[in-house]
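Q: Got a structure here, written out as C-alpha cells. Questions coming.
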Amino acid sequence: MKKTEMGRFNISPDEDSSSYSSNGDFNYSYPTKQAALKSHYVDVDPENQNFLLESNLGKKKYETDFHPGTTSFGMSVFNLSNAIVGSGILGLSYAMANTGIALFIILLTFVSIFSLYSVHLLLKTANEGGSLLYEQLGHKAYGLAGKLAASGSITMQNIGAMSSYLFIVKYELPLVIKALMNIEDTNGLWYLNGDYLVLLVSFVLILPLSLLRNLGYLGYTSGLSLLCMIFFLIVVICKKFQIPCPVEVALMANETVNGTFTQVALAALASNSTAADTCRPRYFIFNSQTVYAVPILTFSFVCHPAVLPIYEELKSRSRRRMMNVSKISFFAMFLMYLLAALFGYLTFYEHVESELLHTYSAIVGTDILLLVVRLAVLVAVTLTVPVVIFPIRSSVTHLLCPTKEFSWFRHSVITVTILAFTNLLVIFVPTIRDIFGFIGASAAAMLIFILPSAFYIKLVKKEPMRSVQKIGALCFLLSGVVVMIGSMGLIVLDWVHDASAGGH
C-alpha cells in the first residue's frame, strides 16, 4: 500500500471519528483556484508527489506512517475558503446581470448546496475507499479510466484557473501602467498591449518561479489571495455609493477633462426618465448570455481536489468535523459571492463586463483605491500561477514517464509547454467569459457533480443500490451530466451565433 493511501480506518457507528494512516510525503494540495493547504512538509520535493498515481511504483517502496493531523478547525476553514475563492468572483456580477437578482440567488443557492453535498460524498467515499487522493479514488473505482478522468478534470480545471489569472494580467496590467505613467494616448505603445504584457510577465516572472522544485511561499500566496479578494469586495461595496446611476453620467464625467459638462447638466441627464429605467434592478432575465451563469458559478465553487488534503491535516479529524469545516467555508463564500455580485450589478446594471474589475476602468477610469486593488490582485494572481502549474506538471510527468528519475530538461520542457499553451489560450480566446463558461461546464461539472457521485456509487459497498443514499447519488450524477451537456451545448451555440454574426 502506498503512503498516499490510508492504511486502516476506525469509524465509529456515527462516523464521528476516524483513524487512518496518512501520506507522510504529501505536502501539496491540488489548487483549483488558489492553493489551499499550508502544509508543514514544504521541504519535500513536489516533483515526487504522486498526482497521477500508478498501481505499480517500480523502485519506490513506501511504508505507511500514521499522521494524526495538526491543523486547527479555524485554520482548516481558512484553508478551504482559500481553495474555494478565486478569479470566478470577478465574473459573478456579469452572471447576475444576465439572470436577474432572484434567479441568480436561486442558482447560487443550488450550486453551493450541491457542491457541499458532493464534498459529503467525497469524504464518505474516501473513508470507504481507503484513499485521500482524488485520482487514486478514481483508480480504485474504475481503474485506469477513472484515474485518467479524475486527473484530466483536475488538469483542465487548473489550466482554466491559470488562464483566468493570466486574463486578469492581460486586462489589468496595461491599466496599471497607464495610470502610473499618466499616459493619455495609448496608440502604438507596445508596453500597453495586453498580449505582449502577459507574455512578458509569464516568461520573466512566472516561469522562473514555476521552474523551482519547491514552493516555500505556498502558504503566503494562499493567504494573500484571499485577503485580496476580501479587499476587492470591500471596494466593490464602497464604489456602489460613489458611482452615479445611470453609468452614462460617470462615463461623461470621466471623459470630460475641460469641464464641458456642468454638475447641473449631469444631474439633468441622471434624472432623464429613460436613463432612470436602466437603474431599476431586474429579478429575472433570460437572454443569450444567461447560459454562462451556471458554468461561472460551478467554476467559482470548485475546491474538491483540495478537500481531502485539508481533511488529512485536520486535528481530531472526523467526517462530521470536516463537514462542519465545509459548511462554514461554503456559507462564508456564499455570502462573499452574493455581496460581490449584488453590489457589482447594482453599480453598473446591464453595463457589467465579464470581468468586473475591468468594468470600473471602462466606466469611471482609475483612482487610487482601484489602482491599489489592481496591484494587489495582480501580485496575487502572478504568485498563484506557479502554484497551479505544479500539479499539472506532476500529472503529465507521472503519466508520460512515471518510473524515470528527475530530469531538469524534462522538468523545464513540460513547464514551458504548459505556460506557452496557456498563453496561447489567453491571447486567442476572446474573453474571460469563455474560459469561465467552458471550464465551468466541463471540468468543474465533472469535479462537483459527476466524479464524486460515480466514486461513491462504486466504492461505498455497505449501501445497496436501492438505498436512499445510492439513489440520491445516482440522481446527482445524472443532474451533473445534464448540466454538462446542456451548458456545453448552449455555450457552443452561442459561440456559433457570435461567429456567424461577426462574419456578416
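For all residues, glycine too, the Cβ spot is worked out from N, Cα and C.
Quantities reported herein were computed from a predicted structural model and do not represent experimental measurements.
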Q: Does Swiss-Prot give Arg213 and Leu314 the same topological domain, putting them on the same side of the membrane?
A: yes
Q: Looking at Asn27, Asn258, Asn324, which is the one Swiss-Prot tags with N-linked glycosylation site?
A: Asn258
Q: Quick one: which of Cys238, Cys245 does Swiss-Prot link to Cys279 by a disulfide?
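A: Record-based pairing for Cys279: Cys245.
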Q: From the list Asn79, Asn272, pick out the residue that Swiss-Prot labels N-linked glycosylation site.
A: Asn272
Q: Count the CB pairs under 8 A between the transmembrane segment (370-390) and each of 189-209, 291-311, 328-348, 435-455, 471-493, then give me the winner.
A: 189-209
Q: Do any residues of this chain, six or more beyond the ends of the transmembrane segment (103-123), have a C-beta under 8 angstroms from a C-beta of it, and if so which?
A: 95-96, 137, 283-285, 293-294, 297-298, 301-304, 307-308, 311, 319, 322-323, 326-327, 330, 333-334, 337-338, 341, 448-449, 452-453, 455-456, 473, 476, 479
Q: Quick check for the class: what is the C-alpha distance, in angstrom and rounded, between Cys245 (disulfide bond) and Asn82 (Na(+) binding site)?
A: 34
Q: A 10 Å Cβ contact count, applied to the binding-site residues Asn82, Thr384: which residue has the minimum?
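A: Across Asn82, Thr384, these binding-site residues, the one with fewest Cβ atoms within 10 Å is Thr384.
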Q: Find the member of 77-96, 159-177, 291-311, 328-348 that has more C-beta pairs under 8 Å to the transmembrane segment (435-455) than any other listed stretch.
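A: That would be 291-311.
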Q: Over the topological domain 'Cytoplasmic' (1-76), what is the model's average pLDDT?
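A: Averaged over the topological domain 'Cytoplasmic' (1-76), per-residue pLDDT gives 46.
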Q: Rounded to a whole number, how many Å is the Cα of Asn82 (Na(+) binding site) away from the Cα of Cys279 (disulfide bond)?
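A: A Cα-Cα distance of 34 Å.
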